[in-house]
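Single-structure report; data block below.
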Amino acid sequence: MATGRTHRPATRSRGIPEATVARLPLYLRALTALSERSVPTVSSEELAAAAGVNSAKLRKDFSYLGSYGTRGVGYDVEYLVYQISRELGLTQDWPVVIVGIGNLGAALANYGGFASRGFRVAALIDADPAMAGKPVAGLPVRHTDELEEIISENGVSIGVIATPAGAAQQVCDRLVAAGITSILNFAPTVLSVPDGVDVRKVDLSIELQILAFHEQRKAGEETAAVRRTGTAGRPAAAAREGRKGPDGDVPAVMPA
Ligand SMILES: NC(=O)c1ccc[n+]([C@@H]2O[C@H](COP(=O)([O-])OP(=O)(O)OC[C@H]3O[C@@H](n4cnc5c(N)ncnc54)[C@H](O)[C@@H]3O)[C@@H](O)[C@H]2O)c1
């Protein structure tokens with residue numbers, strides 16, 4: 001990561017809209033891929049396409065970082081990686097605990113993408129005494145009795161909940177009481193937390209339901225087109241083509 005620059009444009013670490021913050025990881029993922037291919041600069045259009053974002057939105061987002069690119073050259077890939085990483089707080093190491101080491105917790109523990117992005121799995125915690133000490137992803141599973149001690153010893157501020165829904169609130173309360181201020185919740189339940197604690201929820205079934213909604217709508221369009229023209233298939237396909245932009249790159253479902 002290029003961190004050796006002495007001149008940095010002023011950035012506003014406060015006051016960045018939440019929607020911009022949500023897109024920064026998309027830019028970072030696209031930029032990291034360019035950096036791995038040793039691509040030195042990228043235009044806003046190329047980067048926007050790689051991140052699946054509209055290029056005017058990208059330029060506006062980058063203006064919040066104080067990054068305007070160079071006319072005719074584009075953005076310096078390495079420097080943008082550094083800038084976005086710094087804005088997202090990824091230039092420091094974040095110890096994370098995962099609570100609930102079943103199918104999902106073990107899969108998350110084995111996922112290499114956390115460590116490579118600065119999220120070190122400090123401990124794996126489970127309530128099942130039979131799991132205590134068993135290695136998962138190279139770490140011995142620790143019992144929930146040790147939860148508070150683990151969090152304070154490792155200075156953990158992010159907790160991942162992968163327990164059954166019924167246990168999630170109680171686990172959340174213990175994490176918060178132990179000093180955790182950010183929670184990534186995979187359990188299908190809404191968590192109550194005090195002010196100052198951030199919760200992000202991941203629910204793949206909700207994503208599938210949204211896709212189902214769009215599938216149903218597409219099927220509805222097809223039926224309507226058949227009624228209008230008496231021809232199956234082609235009119236609906238043409239209607240879908242018609243929704244695409246000039247480059248044919250506008251997805252039917254935009255990333256959130
Ligand atoms: N968000 C998603 O997209 C998504 C996808 C799959 C599963 N899930 C959810 O993730 C959760 C885990 O799913 P799974 O398939 O891994 O279940 P699982 O039954 O395989 O694992 C759950 C683990 O949690 C442990 N546990 C139970 N109570 C606990 C407590 N109080 N403290 C600590 N550990 C406790 C159990 O001992 C078990 O090892 C479920 O809530 C499931 O609905 C979410």
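Every residue, even glycine, has its Cβ placed from backbone N, Cα and C.
Feature annotations, courtesy of TrEMBL:
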type	residues	note
DNA_BIND	26-65	DNA-binding region
DOMAIN	89-190	domain 'CoA-binding'
BINDING	Gly100, Ile101, Gly102, Asn103, Leu104, Gly105	NAD(+) binding site
REGION	221-256	region 'Disordered'
COMPBIAS	226-239	compositional bias 'Low complexity'
Do you know the mean pLDDT across the domain 'CoA-binding' (89-190)? 95
Per DSSP, how many helix, strand and coil residues does the DNA-binding region (26-65) have? 29 helix, 2 strand, 9 coil
Run through the Cβ atoms and count how many others sit within 10 Å of the one on Asn103 (NAD(+) binding site). 9
Cβ atoms other than its own within 10 Å of the Cβ of Gly102 (NAD(+) binding site), all chains, total 13
Which listed residue (Ile101, Leu104) has most other Cβ within 10 Å, given these are binding-site residues: Ile101
Reduced to three states, what secondary structure does DSSP give Gly102 (NAD(+) binding site)? coil
